[in-house]
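Visitor: This is the structure I have questions about; it appears just below.
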Amino acid sequence: MSAAIAATARPAAEMRTRALYDLPLPELMFRAQAVHRAHFDACSVETAQLLSIKTGGCPEDCGYCSQSAHHDTGVAATRLMDVEAVLAEARKAKAAGAARFCMGAAWRAPKDRDMDAVCAMISGVRALGLETCVTLGMLTPAQVDRLSAAGLDYYNHNVDTSPAYYPRITSTRTLDDRLETLGHVRAGGIKVCCGGIVGMGETIEDRLAMLELLAGLDPHPESVPLNMWTPIDGTPVKAFEEKVDPIAFVRLVAVARLLMPRSVVRLSAGRHTLSDEAQALCFLAGANSIFVGDTLLTTPNMEESRDAVLLARLGLRPAPAQPSA
């Protein structure tokens, strides 16, 4: 589906989504929890850990990102990590209870010369019994084939925001560029991890249009990360950031669950700003995945000890790893 088609989504569908969002909270939560229980174990939460394998120096100008070479954020550019160093971090993640190991590189697109190392990382992490996910930027079909052959389970490539708001966030690529890569990933047999970010000055309508865009992908993404933008000095978005109301975020999670019943909905960046009570509401609304570990690329995350206490308080248990066959 192109961005042009997404931008002209049927008004009736948009009205239905807004009507869901505006339901009295108890009714919205009841509907979302019912759908969630129809497809998932309501007491199981997926745990993933994210490692930046190549930080900073990205040529894209994404207004929310600390790793863009266009912004003065104090993030130093690094080279691609050695394979063994990545595998050492993956072992630590597994020992700490993570079921999926996600690796992110600050590239517009990977160079073919880097693919051998990335594929070795994927194969090595998979050999540890962990699910694998990478986010490397835009891909060619040939690169997708290499990642698939290495055993990659998931590829993350977010749509970021609504089609209408997208040009305000970045100018070095289009939403159609993102959707093209998602098409390559899907055609290559790799599961899709695709979500977005809220709190960048967008409207409620933009947030819901983003969910409509995700729900319009056929099939739905297997994994949908929902991020709350974390303030980063030196980024353009810092000038018009908006703190997301926790209840508004809970509503967004519930609508995501209703629109994409079989997708795993992940509480991603910004989760550390939510109280335990707000996170509990998110789980009731249908969220069933979290990032563990103290950092997400270059931004803070929940402390591991706080996560363990929270899951225990709520009676939730980490889901086991399920690498693709």
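Using the three backbone atoms N, Cα and C, a Cβ is placed for every residue, glycine included.
Swiss-Prot feature annotations, pasted as is:
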- C58, C62, C65: [4Fe-4S] cluster binding site (BINDING)
- C102, C133, C193, R266: [2Fe-2S] cluster binding site (BINDING)
- 43-262: domain 'Radical SAM core' (DOMAIN)
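Please go over these features one by one and say how buried each is and what sits next to it.
Guide: There are 23 other CB atoms within 10 A of the CB of C58 ([4Fe-4S] cluster binding site), with all protein chains counted.
The C-beta environment of C133 ([2Fe-2S] cluster binding site), restricted to residues of the same chain at least 6 apart in sequence and closer than 8 Å, consists of A48, R100, F101, C102, M103, L152, D153, Y154, Y155, N156, C193, S223. A strand conformation is recorded for C133 ([2Fe-2S] cluster binding site) in the three-state DSSP classification.
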Visitor: What does the structure give for the C-alpha distance between C65 ([4Fe-4S] cluster binding site) and R266 ([2Fe-2S] cluster binding site)? Integer Å is fine.
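Guide: Approximately 20 Å lies between the Cα of C65 ([4Fe-4S] cluster binding site) and that of R266 ([2Fe-2S] cluster binding site).
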Visitor: Over the domain 'Radical SAM core' (43-262), what does the predicted model average in pLDDT?
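Guide: Mean model confidence (pLDDT) across the domain 'Radical SAM core' (43-262) is 92.
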Visitor: Which chain-mates of C62 ([4Fe-4S] cluster binding site) that are at least 6 residues away have a CB under 8 A from its CB, listed by sequence?
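Guide: In sequence order, S68, D160, I169, T170, T172 meet the Cβ cut-off.
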Visitor: Please state whether DSSP places C65 ([4Fe-4S] cluster binding site) in a helix, a strand or coil.
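Guide: In the DSSP reduction, C65 ([4Fe-4S] cluster binding site) maps to coil.
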Visitor: C-alpha of C58 ([4Fe-4S] cluster binding site) to C-alpha of R266 ([2Fe-2S] cluster binding site): distance in Å?
Guide: 25
Visitor: Which number gives the other C-beta atoms within 10 angstroms of the C-beta of C65 ([4Fe-4S] cluster binding site), all protein chains shown included?
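Guide: Counting Cβ neighbours of C65 ([4Fe-4S] cluster binding site) within 10 Å gives 26.
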